[in-house]
Amino acid sequence: MSSPKAEPPYAVHSSSDAHLPTLNEEETMDIQHPLRTPAASSTASFPAIYEVPTHTTHVPHRSGSSSSVSFQQPRRSSAQGPHERQLSVLDPMSDRVSTILVWQNLTVQARENKRKEFFKRMKSYKNFVPKRKCLLNNINGAIAGGLWAVIGPSGSGKSTLLNTLACRLDVNTVVEGEMRLNGAPYDNAELKRIAGYVMQDDLLNGYLTVEETLTYTARLRLARTFTDKERRDRVADVMADLGLSHVHNVIVGTPLKKGISGGERKRVCVGMQLLNRPQLLFLDEPTSGLDSVTALDLLRTFHALAHGKSQDKAVTIVCSIHQPQAKIFNLFDSLILLKAGNIMYQGPRKHVMEVYRAAGFPCPVNTNPADHLLDVITPPRGNPILGTAVISLEQQQAIDEAILRHQPPLDIDLNMGVNKRLVQMNNLPLNPTWLTQVQILLRRTFQEQFRQSRIILTSLIQTIVMAVLIGTVYLKIGNTQKSTLRREPALFFCAVNQGVFGALMVINSFPVERTLTLRERASGTYFASAYFTAKIIAETLIQIPVPIIFSAIVYFLIGFQATAGKFFIFMLFMLLCSLAATSLALLVSAICKTTDMSVTVLPLVLEISRLFGGFFLAPSRLPKYFAWLDALSYIKYTFVGTSLNELQGLVLICTDDDRAKGSCTLTGEQTIKELGFDYITIGGCIGTLIAYIVFCRIMAFLGVRFLKN
Ligand SMILES: Nc1ncnc2c1ncn2[C@@H]1O[C@H](COP(=O)(O)OP(=O)(O)OP(=O)(O)O)[C@@H](O)[C@H]1O
C-alpha cells in the first residue's frame, strides 16, 4: 500500500490544523500502535503510519502447539523523528510490556431481576426470553502497555468495561465472549496476583497513618519470603514514587478528623496496589473529586509509572476517566472511547483527532480535545430557549458511522502476548500464612481502635453513668417481701442496657468496615476467615471492660445478694448478654450489607428480644405460637439467668406490715416458681447464650464470606 499523503499525521499543522492548540511538541512524533492494521477503505485518510506490513510470527501456545499470531512491527517512515521509540512501551513485542489483555466478541448484559427472571422462567418455561440490558455490546479490543484512558459519556460503560476485564462484575450480570491474558483465559484469582484495581471512592482505615496503612498492606500482601527490612524498603519506595514521603506520619483521616488531602488519599490507594509490583493496574475514575492541579499531578505520576520511570518495570495502567482536562488527556498513550456499550475509537491517543478530522469533525480552536471527542458522539439535547436544534437519531448514527468508517480495523488475536512471560501460578511466591494474617489484622484492629480513644472513653463514661443511674433508681433494694417487686425490673433493665449498648456500636461501624474488607479481599490481601477471626478476638477483648465496670457499680448499689459467686455469675451474664447483642448486630449487618438497611432491621430484632425478654410475660406462660420468638431472645436468657442467680437461696424478711397483710410466706424459690422461671437452670441459660453467640457469629461469617455485593 502506498501513502496518498507524504506528510506524517501530526508532524506539521497547517493553518487549518492550528485548531489543535493542546497538542504539544510531543505530538510531532509518530508512533506505531500495535493493534491497528491497514484498512484498504481508510488509507485515503490515513498517513503512512498505518501502512505497515503485518509480520506473522509463530509463537508457542501454552499447550505447546504453535499458532500464527499477527503483530505489526513498527517501521520508521522518513518523516518520523528520532524519538519515536520513546513510546515503545506501546509495542507489545517490547520486553517492558509484560501483560497483554485481549477481548473478543465481549458482551455484558445485566439481568432484569434474578427473582423476577426465575418466576417468569417457571411460568413460561419454553417461550421464556429473559429481558436483559446490554452494557457492553459485542466489543473487541486489546490493552498492551502504557497509560490507557477509557473515556465516554456518563453511562457509556466505562466502569463496566474495567470491571469486566478485572473480573469484578456484579453477580446480576451475564458475560459472553473471550478474554485472554497473555494468550490464555484468566480468572479473578489469577488476575489478583498480577494486577491491581483502585476503585473510585477511596475507602481506607481513617485512623492509621499513611505509612502504617502501606506497611500493614505490605505485611499482608508481600510474599512470606520478604524480610521486615525488604518490606520497609518497599513501602519507602512506593511512598517516594507516589510523592507521599512527606505525609508518611499523617493519619489518613475521617469525615470528622482531618487527615491527608484527597489527592494523597488516592495516592495511598494506588500505593497499596503497587506494593507487590503489579503488571497491570485498573483505576476507576481516579481524578473524580480532585481539583485540576491535583488531578494533573496524579496523572503525571501514573504516566511515570506506566513508562517505567519509577518502578523496575513499567506497569500498564488503565483509567476510566470522565472528560479529562486537555493536559491530562495529552498524558495518555492510548484511548478507548465508549458510547452506549460500543467502542467508538480504540488506539493511540495521538491519532484520534486525525480520525475525527477525516470523518469531518476537526477539533475547533481552543477546545479541549477530550470534550470534543465526547461532544461529537453525544447527541445534543435541543433547547428552544437557546435555539439549539435536536439531532435526529439518523443524523447521529451517520456521525458515529463516519467516525468508525475512518478507522482502520483492529487486528485482534486472542493469542497476543502468548510469548510473554506467562503467569505461572504455581511458581508465584506464597502469601503470608493464615495465622500470620490473623496476627497482622489483630494488630491493625487494635491500633485502629486505640486511635479512637475518644470513642472508647465515651463508651466507658456512658457505662458508668448508666450504671450509677440504674443503681441509684433501685438503690439498696433490701430483702423485704416487697423487694421482689423491684428486684425483677432492676434485673431486666440491666439485661436490656447491656443487650442494646454494644449492638448500636457495631451497627454503625461494621457496614463501612465490611465494604473495606470486601475490597481488600478482592485484591487478594487476606482470607475472609483470617479477617473474621481477628475481628472477633479484637472486639471481644475490647468489649470485656464495659460489662465488668457496669456490673461492679450496679450490683453493689442495688444491693443484690452479696456473695462472690453470685456477683461473678451476674457479671458473666452481663458479658454474655453484651456479646450476644454485638453478635446479633454483626449478623444483621452482614446480611443487610448497608448501614441504612441494618439500622432499619436491627431495632426490630432488638425490640422483639426485649418483648420476649421474660419480663412482660413469663416464658412458661407464652402462647405456643410465640415459642420460637421467645427462644431467640438473648435478653430472656440473661434476665431469667440473673433472676435465678439472685432468687435462689434468697431469704426475704417479714415486716410487721407484711405480717398484718398475711403475706409472709414468700421465699426466693417460691418467687422463681411464681414467675415461671423454674423450667431452666442457670447453666442452661449460660449454655444457650454461648450457643447463641457462636451461631450468630458463624452466620455473620458466612454472610461476610459469601454475600459480596
Ligand atoms: N449491574 C448492573 N445492573 C444494571 N445496570 C447496570 C449495572 N451496571 C451498570 N449498569 C448500567 O450500565 C450503564 C453503564 O454503566 P457504567 O457504570 O459502566 O457507566 P460509566 O460509563 O462508568 O458511567 P459514569 O461515567 O457515570 O460512571 C449504565 O446505564 C448503568 O446504569
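Cβ coordinates are placed from backbone N, Cα and C, and glycine is handled just like the others.
The compositional bias 'Low complexity' feature in TrEMBL is assigned to 62-78.
Across the domain 'ABC transporter' (119-365), the prediction's mean pLDDT works out to 87. Sequence annotations record features per position, and here TrEMBL assigns domain 'ABC transporter' to 119-365.
Taken from TrEMBL, the feature region 'Disordered' covers 1-28 (among others).
For 56-87 (among others), the entry in TrEMBL reads region 'Disordered'.
Here TrEMBL flags 455-477 (among others) as transmembrane segment.
The transmembrane segment feature in TrEMBL is assigned to 489-510 (among others).
Look at TrEMBL and you will find 530-558 (among others) tagged as transmembrane segment.
Taken from TrEMBL, the feature transmembrane segment applies to 567-591 (among others).
Marked as transmembrane segment by TrEMBL: 597-618 (among others).
The transmembrane segment annotation in TrEMBL covers 679-704 (among others). Residues of the same chain lying 6 or more positions beyond the ends of the transmembrane segment (679-704) and with a Cβ under 8 Å from any Cβ of it are 514, 517, 528-529, 531-532, 536, 569, 572-573, 576-577, 579-580, 583-584, 586-587, 589-591, 619-620, 634, 637-638, 640-641, 644-645, 648.
Contact count against the transmembrane segment (489-510) (Cβ pairs under 8 Å) is highest for 567-591, out of 455-477, 530-558, 567-591, 597-618.
When Cβ-Cβ distances below 8 Å are used as the criterion, the transmembrane segment (455-477) is approached by residues 449, 483, 486-487, 489-490, 493-494, 497, 501, 505, 542, 545-546, 549-550, 553-554, 556-560 of the same chain, each at least six residues removed from its ends. Counting residues 6+ beyond its ends, the transmembrane segment (597-618) has Cβ neighbours under 8 Å at 488-489, 492, 495-496, 499-500, 503, 507-508, 510-511, 581, 584-585, 588-589, 626, 629-630, 632-636, 639-640, 643, 675-677 in the same chain.
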